Amino acid sequence: MIKLQKLKLYGFNNLTKSLSFCIYDICYANTNDSRNSYISYIDEQYNAIRLTKILKKTCSIIGANVLNIFHQDYEPQGASVTILVCEEPMSMEKIDALNKNIVSSSVLAHLDKSHICVHTYPESHPQSGICTFRADIEVSTCGIISPLNALNYLIHQLESDIVTIEYRVRGFTRDIHGIKHFIDHKINSIQNFMSDDIKSMYDMVDVNVYQENIFHTRMLLREFNLKNYLFNINLENLEKEERSYIKKLLSKEMREIYYGRNISR
């Protein structure tokens, strides 16, 4: 758990902390039917109900209280979940008042700043057989709640080939002497808050803007086992040349996503 510096604050902690994930799952399917089957499979694996369970557990880990949940599966594919959260428990009377358009100023502040959401994007290449699944997740909180406490849980739950993570702290809070504090904990890398087993699984690179309190980490899975990337294909049925071709194709796709640019070779 992240330990915040003990500052004597004047009023509410107005810092907004946002942790954003962009995760990718890659596979190879050599026919149109297989590609369609993969998209259907991954769409079911990451349906709105399962994603809601993951995000509710995230709320529990960071110590947030759920105000409202919206989830939706889409046709032909994709899902979205949004959870509005607050730092302190909210009485049922106040929550029910939202349905009558009676909203206090304190609740408005929470709804504006504290939320957890996820959106999914399955897709496939029209010719090569490459299929990708992307999920965008954002955990945004205000007050003493830190989204970094859910970092390892979310990485483990999503089991991705490529992950890009951004953590940023916005705004400021004042202490009792009126001095502004633009961040309330020590950090020089998102990797500071990752478990050792995650660090051993991924190659990682940081791009941080310290003066703006913006921290960015890219992650690429180290172990590559071709068998794990084939959908409805038996590895033993592939010739050596075909295995090599598919491996190069997948490697190129993963490197392009990891570096965020097209690679010619």
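Placement of Cβ uses the backbone N, Cα and C atoms for every residue, glycine included.
Pulled from Swiss-Prot:
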ACT_SITE  SER114  active site, schiff-base intermediate with substrate
MOD_RES   SER114  pyruvic acid (Ser)
ACT_SITE  HIS119  active site, proton acceptor
ACT_SITE  CYS142  active site, proton donor
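The DSSP secondary structure for the residue listed as 'active site, proton acceptor' is strand. Taking the Cβ of SER114 (active site, schiff-base intermediate with substrate) as centre and 10 Å as the limit, one finds 25 other Cβ atoms among all the protein chains shown. Packing around CYS142 (active site, proton donor) is summarised by its Cβ count: 23 other Cβ atoms lie within 10 angstroms of its Cβ, all protein chains included.
For the pair CYS142 (active site, proton donor) and SER114 (active site, schiff-base intermediate with substrate), the Cα-Cα distance reads 6 Å. The Cβ of HIS119 (active site, proton acceptor) has 17 neighbouring Cβ atoms from other residues within 10 Å, across all protein chains displayed.
Secondary structure at CYS142 (active site, proton donor), as computed by DSSP, is strand.
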